[in-house]
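Enquirer: What follows is a structure written as structure tokens; I'll ask about it next.
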Ligand code: ATP
Ligand code: MG
């Protein structure tokens, strides 16, 4: 009895990253890790699943993420409500509190990986996507806010990206936001007739969020709304000026955007976004800011903090537009062979080459020399090693140099074929391919 199995496809908005692309992701991640290390950030990894309460409390009940984007389900074993992380900061702060990370000293940490939001999939907007989330925990001054922005400018430079601009705002302190909130509600009440469903619902629960609208009809109204920036007191202004001065010191340009509020409720003082026009509607590649209240809100001993998150898909999309996608070779050396004895010898030789640090593929199975050579070429290897009866009898390998560009004395060697005794192969090839 046989039943036909209906093929399974990936979940909508969740992408497979296939081998060629995977190599580019790895290159990108390696560059990012080096960059983070240069600023003293250390990697941490938190679970993909957390208790739902962490996010409703941390991100805020009346936000897009918590209201409609979270993958939340009940653990059927114990009835707990769990949520796939929609961002990293809440989890990082939870871990920092749980393990007393900032008990005796501030911490610079980062996490990198998948996050999940149930949004309408489109270019630059997916249901599973990747973020690099960077947090400076326990540091209060504008110096660290500015350092984070400067370090991001360095990343764009390392990646060869020019078309990203910085938007900056300050959300002030909670009393200042409260005063602004009252004025804002009054203003929104006067414009009640044009508010959309979201706007009406949020007018009293989270009026600031009404201004963060993508509805063009509301944007004009939002432009005329009382600006939080005008409600800032001396201390908040000084912090903001401190950030701006340091950006000026570093020669980093920015636009003050008084409407920038960010999609999460935990921010105060500095908020910023890096935006490009090269990605269509989804142009924000990085967003961040200060979240001095979050550690206390999540039950920790209150401590200041600041951080940002980069959307990796968007940044990689941008990077691909500027830096050509290069084909990364599958290996340096591809071994072709004929006959079982040669195949077994090939396996041993490959191990000795790997001992010398080389990347080697042994042709799997059998096949004509011609078809094996085709594979060798396709693999991007610089060198093919040929093992047949004659090579085994002589104790030497035929070595064919396939590509000039990967070889130091490439021009002379490319296309050449030589014989090298088995016991000298590793040393000779390690020298050639160094
Ligand atoms: P947006 O306004 O585009 O929805 P956001 O304010 O929700 O962004 P953040 O929560 O600040 O985004 O997340 C940080 C970064 O993650 C964003 O700047 C963006 O680059 C990226 N990002 C956010 N949502 C998605 C998504 N659904 N798919 C891919 N990348 C995303
Ligand atoms: Mg969003």
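A Cβ is built for glycine as well, from the same backbone N, Cα and C atoms used for every other residue.
Bear in mind that TrEMBL entries carry predicted annotations, made automatically and left uncurated.
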Enquirer: The L-histidine site in TrEMBL lists 87, 88, 89, 131, 135, 262, 266, 267. Which one of 105, 117, 278 belongs there according to the record?
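Expert: It is 117, as the record lists it for that site.
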Enquirer: What is the maximum Cα to Cα distance, in Å and rounded to a whole number, among the residues 87, 88, 89, 117, 131, 135, 262, 266, 267 annotated as binding L-histidine?
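Expert: Taking every pair of listed residues, the largest Cα separation comes to 21 Å.
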Enquirer: Helix, strand or coil for residue 267 (L-histidine binding site)? Use DSSP.
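Expert: Coil, per DSSP.
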Enquirer: Restricting to the same chain and to sequence separations of six or more, state which residues have a Cβ under 8 Å from that of residue 87 (L-histidine binding site).
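Expert: Counting only residues 6 or more apart in sequence, the Cβ neighbours of residue 87 (L-histidine binding site) under 8 Å are 59, 65, 115, 131, 133, 264, 309.
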